[in-house]
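Reviewing the structure listed below.
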Amino acid sequence: MVKTQIKEKKKDEKVTIPLPGKIKTVLAFLVVLAFAAYGFYIRHLTAGKYFSDPDTFYHFEIYKLVLKEGLPRYYPMADAPFGSLIGEPLGLYILPAIFYKIISIFGYNELEAFLLWPPFVGFLSVIGVYLLGRKVLNEWAGMWGAIILSVLTANFSRTFSGNARGDGPFMMLFTFSAVLMLYYLTEENKNKKIIWGTLFVLLAGISTAAWNGSPFGLMVLLGFASFQTIILFIFGKINELREFIKEYYPAYLGILAISYLLTIPGIGKIGGFVRFAFEVFLGLVFLAIVMLYGGKYLNYSDKKHRFAVVAVIVIAGFAGAYIYVGPKLFTLMGGAYQSTQVYETVQELAKTDWGDVKVYYGVEKPNGIVFFLGLVGAMIVTARYLYKLFKDGRRPHEELFAITFYVMSIYLLWTAARFLFLASYAIALMSGVFAGYVLETVEKMKESIPIKAALGGVIAIMLLLIPLTHGPLLAQSAKSMRTTEIETSGWEDALKWLRENTPEYSTATSWWDYGYWIESSLLGQRRASADGGHARDRDHILALFLARDGNISEVDFESWELNYFLVYLNDWAKFNAISYLGGAITRREYNGDESGRGAVTTLLPLPRYGEKYVNLYAKVIVDVSNSSVKVTVGDRECDPLMVTFTPSGKTIKGTGTCSDGNAFPYVLHLTPTIGVLAYYKVATANFIKLAFGVPASTIPGFSDKLFSNFEPVYESGNVIVYRFTPFGIYKIEENINGTWKQVYNLTPGKHELKLYISAFGRDIENATLYIYAINNEKIIEKIKIAEISHMDYLNEYPIAVNVTLPNATSYRFVLVQKGPIGVLLDAPKVNGEIRSPTNILREGESGEIELKVGVDKDYTADLYLRATFIYLVRKSGKDNEDYDAAFEPQMDVFFITKIGENIQLKEGENTVKVRAELPEGVISSYKDELQRKYGDKLIIRGIRVEPVFIAEKEYLMLEVSASAPHH
């Protein structure tokens, strides 16, 4: 009785932390706050005029839409002229919007708050790792894990100002939810347990709305539940298993419920994965039921039999899941590292190699020190877990969760470079565990306090070398990122020119990397045909145009309603990827085989210095003297296949070999200011013409034709803006005294002219050709000079006309033909339901379509449903994975059906409603036809069903100045 009273008394007594322990906790937390603030400072050093990360320009625009509209569904600037439904979870933007609403009280504007948001996420992440570390091991583990995270390059890479992607907020929220989960599972006070559990479920559920990669969090939590369930059962801890199931399973179900509910308004976007996770969870529930109640029928007498039961059920479950889901079962988060030709060329989606790990987890230099510290820490946690399991008989939640978190993070780290950041939390945590374990060991030593203090001090100083040496280097790097490529290369001026000198509904494109810059309200504020997250099927078509020459490179850009094409000279550095995606080179030539052999350099610029053209990085020197050209590559002398001189047009043929007998399959183009060494397969690429002004082509006259369709209108730094027209005139000849002579201007009076037309990627059909007489920018007369019933864009011919011209300052040649007009301003609706503008109807579906369209002037238009197929045809290699495979991009565009006619569109915004039906089989039959034609050589990249307005449209072909009459 006395013993019982004593026990009850002890039970009622509050456990207090000794004063030194409290001091250590307070001091550790203050240190963590200091380093979190230091980490925030470093991460905010990158804040400048623009964002360092191109994708963040897009995220900024959606963030502004959230502030304006609440829950926007549509982004009008992408995939011109159609726009795009927002595919990212709105939670990614709601979080910084809430942050802005709070700090705007202190005078911060939208942009300033957005620049502060990623460093703030980094600040909170440091605190989160501290709390998680102290829960997993001890105060030291949390503190040192936080210190390491504050200056870790891997974590900095996604939490610096100007990089506002979703993985940062997600990992921050997930880390805090993990802390709450561990407190929930280990708390004995019922009321506190309810509070911890509620917060855990809410925060874990909300975290899934921050990033489309948030299934990682659900899988970590599910993996932890699975391992704990199985291990407790195998070790015969049935009572503990019952308690764990009672506590954890309802919580996980609540997380799934919140995650799914957030997908309904678009705040989250992982509904499909939530359903999959629920199905897997049901499998785990079934396994748990068998464990708890199967003892009546199965042999649970020892660990071997219990393990056998689990093994059989798990194997059967995987087999069933594979039958149900298919091969995708083993591609967790596979969307982040899909194996397509485009993704092969995106650096962050490439497979992680050891060099990446050394850089992102290095201290002072690429050495991977933090990665190794984390590995040792993981071993310590594993050893502690096994000890507790076998010796103490406890159910160690903290260690098992940490191991699960670490293992799954490392797994993803090696799948794609983009996950180097994601793994930083687990690796920093385990690095802190290593430090915490060492310091805890010192504390428990039976030595005198001075000796322990000295040892602890030495260890602390050694650990402090990580932030003390790496922090300043990271800060220096951050400062250099403040000024972006936009400001130093000509992009800023070019895009501002575009915004200030083109109509509001104009569209523009470049290589896809720069699409978000074109769209940004900070820069171009114009619709882009392709960018880093939309219209990825078009990437191949852009590459085809840039990397190829002649008829095959003629793309129907008019179907995109393209107005301006921006060429960036520095894209020579990306030209291997462009050439590969455009079908000019093979996979081996692009990036080498598994041993790196066979890779080529497709383009190499050689700036001119005196009489030499030099690229010191590549050790290439070109000496030009009179009619001879000497090319030195390292210690070899090489003779290109051909040398061309611009503007003289002179050429010198060579052997294509080097002095050591190796092949040198390159063509050298020399201009007055720069030389270009080009791999023979891309030696006449359109990019070389447009970027460097080299009129090289395998097709006589093609360069002249190209420049009639692409007219340079602005240049700044390394960026050239071209105005695109699908129909141009590249040469005018006049019959002067019985002889046809090329003329460059016209005079008032009678003329007999021959017009050489370039139709780029699109036929001329039922068109009328006019000359507009212009006087002081005003049209004073329109003169009809010809009608063209049909002209194939692959087989143009000159048009002979007779015309009498009035007095004017210039004469404008204009082709009037039906073509696509207008841009969508809002998401289209079918029967009141929002639809993708590029997949507006399904086969056999009908309904009322509602469109909001903007036009730059009044039109009478017809409305069509149009199909666009973008696909690749393998033209070499045994299969699609062959290193010798090359893929020819194709784009087929055809009208399906007219769904509206004589629609009156007024300048500005218009709302149009029509009844429409997509005939059954029209898409599938064309797809089947392609598959029959190309077999296993076919890869379909995109199938679109688009609403397109067609109206009489004026195409400016050429404008020439007027001169005095001939004498």
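Placement of Cβ uses the backbone N, Cα and C atoms for every residue, glycine included.
When the topology recorded in Swiss-Prot is consulted, GLU243 and GLY294 turn out to share a side of the membrane. Swiss-Prot lists ARG165, ASP167 as binding Mn(2+), and of ASP55, ASP79 the one it places in that same site is ASP55.
Per Swiss-Prot, the range carrying the annotation transmembrane segment out of 361-381, 613-633, 781-801 is 361-381. Looking at the stretches 194-214, 551-571, 719-739, the one that Swiss-Prot records under the feature transmembrane segment is 194-214. Between the CA atoms of LYS574 (site 'Interacts with target acceptor peptide in protein substrate') and ASP55 (site 'Interacts with target acceptor peptide in protein substrate') there is a gap of 18 Å. The Cα of ARG158 (site 'Important for catalytic activity') lies closest to that of ARG418, out of the recorded positions ASP55, ARG418, TYR516. Classification of LYS574 (site 'Interacts with target acceptor peptide in protein substrate') by DSSP places it within a helix. Close to TYR516 (glycophospholipid binding site) in the fold, though at least 6 residues off in sequence, lie PRO54, ASP55, PHE57, TYR58, ALA528, ASP531, GLY532, each with a CB less than 8 Å from its CB. Beyond its flanks by at least six residues, the topological domain 'Cytoplasmic' (237-247) meets 184-185, 197, 228-229, 288, 291-292, 393, 395 of its own chain at Cβ-Cβ distances under 8 Å. Here the recorded positions are ARG158, ARG418, LYS574; the one with the fewest Cβ atoms within 10 Å of its Cβ is LYS574. Other C-beta atoms found within 10 angstroms of the C-beta of ASP55 (site 'Interacts with target acceptor peptide in protein substrate') number 18, with every protein chain shown included.
Per-residue pLDDT, averaged across the topological domain 'Cytoplasmic' (291-306), gives 70.
Here the topological domain 'Cytoplasmic' (187-193) has, by DSSP, the following mix of helix, strand and coil residues: 4 helix, 0 strand, 3 coil. DSSP classifies ARG418 (glycophospholipid binding site) as coil under the three-state reduction.
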